[in-house]
Amino acid sequence: MKKIEFELHYQAQKALHACIDKANRYFQHQFPMPLLSYQLRGKAAGKAYLQLNQIRLNPILFKENKTAFLEEVIPHEVAHLLTYQLYGRVKPHGAEWQSIMQGVFLLPANTTHQFAVASVQGKTFQYRCQCREFPLTIRRHNKVLRNEASYTCQKCRQTLIFTGIQLS
C-alpha cells in the first residue's frame with residue numbers, strides 16, 4: 001500500500017466488495033475481485049486497468065474526498081472493469097458502461113470528477129512570447145531544458161522563452 005491509512009484502505013476494500021457483490025447479484029455471475037492500488041498521480045481520481053483487473057486510486061485526492069471516492073469513484077472504476085469483462089473492448093464511457101453505472105450501481109454516469117486539484121497540480125513554469133505569458137508543466141519545461149522540444153505561441157508564432165519564474 002502506498003501512502004494510505006489502514007482505515008481508508010479498509011473502507012475502500014469494503015466499497016469495492018460491495019460493488020462486486022451488487023454486480024454478482026445483478027448479472028447472476030461471479031466476477032473476480034479486482035486488485036486495489038494507490039499508485040496514481042496527477043489529476044485523475046482513479047483508473048481501471050482492464051486486462052490486469054486492477055483499480056488504481058489517487059491517494060491524495062482520496063484522502064481529500066473520502067466519501068465521493070467510496071460512493072462514486074470506486075463504482076465508476078468497477079463499472080469499467082465489468083464493462084470490459086462483459087462486453088470486451090468498447091467505448092470507455094459508452095452505452096454499456098452507462099448501463100452498468102445506472103442499472104447496477106444506481107448512480108449517474110458522470111465521466112469526470114469535480115474535485116479541487118490544487119494539491120496534485122504539479123509544478124508549473126512561466127514562459128512568454130511577444131504577446132502574452134504561458135504556464136508550462138514540469139514535463140514540458142524539462143523537455144525545453146533538455147532541448148527535446150520548443151513551444152510556439154499560436155497567435156504571434158514566436159518561440160516561448162522561460163522567464164525564470166516557477167509559478168507553483
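Using the three backbone atoms N, Cα and C, a Cβ is placed for every residue, glycine included.
According to Swiss-Prot, the active site annotation covers GLU77, on the basis of sequence analysis. Among the features that Swiss-Prot reports, Zn(2+) binding site is placed at HIS76, HIS80, with the record citing sequence analysis. The domain 'SprT-like' annotation in Swiss-Prot covers 17-161.
Sequence features annotated in Swiss-Prot and their locations in the structure.
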residue : record              : Cβ contacts under 8 Å, 6 or more apart
HIS76   : Zn(2+) binding site : GLY46, MET101, LEU107, ASN110
GLU77   : active site         : GLY46, LYS47, ALA48, ILE55, LEU57
HIS80   : Zn(2+) binding site : ALA48, LEU50, PRO92, TRP97
Original post:
What is the pLDDT of the domain 'SprT-like' (17-161) when averaged and given as a whole number?
Top reply: 94
